[in-house]
Amino acid sequence: MLEELKQAVLEANLQLPQYRLVTFTWGNVSGIDRERGLVVIKPSGVAYDKLTIDDMVVVDLTGNVVEGDLKPSSDTPTHLWLYKQFPGIGGIVHTHSTWATVWAQAGKGIPALGTTHADYFYGEIPCTRPMTNEEIQGAYELETGKVITETFRFLDPLQMPGVLVHGHGPFAWGKDPANAVHNAVVLEEVAKMAARTYMLNPNAKPISQTLLDRHYLRKHGANAYYGQ
């Protein structure tokens with residue numbers, strides 16, 4: 001079942017340690033088959049160097065395991081909520097990558113300080129509000145998804161393919177699992193660049209709207225011309 005998607009999700013998960021986005025098992029990637037309403041996700045707590053295609057877990061959009069012998073990632077409810085709320089996305093990544101997590105722990109969004117950021121994220125990468133005690137003590141992973149979508153009430157998830165969960169870490173997404181990992185890698189890099197920029201110049205300001213528009217829209221706008 002869903003062998004092609006399983007392979008894509010496996011390969012995307014294996015990219016996380018390659019790009020140094022994870023330590024031990026601190027992360028997961030999923031992908032969705034929209035037509036069938038099924039999600040493939042990494043199993044919980046399995047080391048990346050042990051993962052095989054047969055370990056991938058298939059769940060439906062209510063979280064029931066459809067295929068697989070292992071438990072799905074503990075973050076599955078977050079992934080499922082985001083898929084239901086963001087219909088344009090096809091893959092999701094969660095990590096505790098160092099620099100993005102630093103910003104999440106500081107409770108700060110990442111301003112668009114340069115064109116590297118603007119090529120991928122159309123403005124400041126937001127940080128959610130802190131979760132309440134009730135949210136944390138309740139259906140925690142589902143509530144994590146809800147606090148993300150609350151943060152995106154006035155944001156387009158296709159123009160802003162990532163978020164920082166306050167005190168937790170980053171989530172990123174894309175058109176498919178590989179694209180989601182790509183965006184997660186960029187998020188980590190711009191988080192590092194921004195932190196180091198503020199070390200050199202604590203008064204650094206975001207780039208102008210004109211420059212932000214130029215760089216984002218030349219890659220993603222209606223008249224995009226970047227690339228082949």
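From the backbone N, Cα and C atoms, a Cβ is placed for every residue, glycine too.
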Given Swiss-Prot lists Asp75, His94, His96 for Zn(2+), the same-site residue among His168, His182, His215: His168
Binding residues Gly27, Asn28, Ser44, Gly45, Ser73, Ser74 (substrate) - maximum C-alpha distance in whole Å: 10
Cβ within 8 Å of the mean position of the Cβ atoms of Gly27, Asn28, Ser44, Gly45, Ser73, Ser74: remaining residues of the chain near substrate: Thr25, Lys42, Pro43, Val46, Pro72, Asp75
Sorted by sequence, non-Asp75, His94, His96, His168 residues with Cβ within 8 Å of centre, Zn(2+): Trp26, Gly27, Asn28, Thr78, Thr95, Val165, Gly169, Pro170, Phe171
Neighbour tally for Gly45 (substrate binding site), based on other Cβ positions within 10 Å of its Cβ: 11
Cα proximity to Ser44 (substrate binding site), best match among recorded positions His96, Asp119, His168, Tyr226: His96
CB within-chain contacts under 8 A for Asp75 (Zn(2+) binding site), separation at least 6: Asn28, His94, Glu141, Thr144
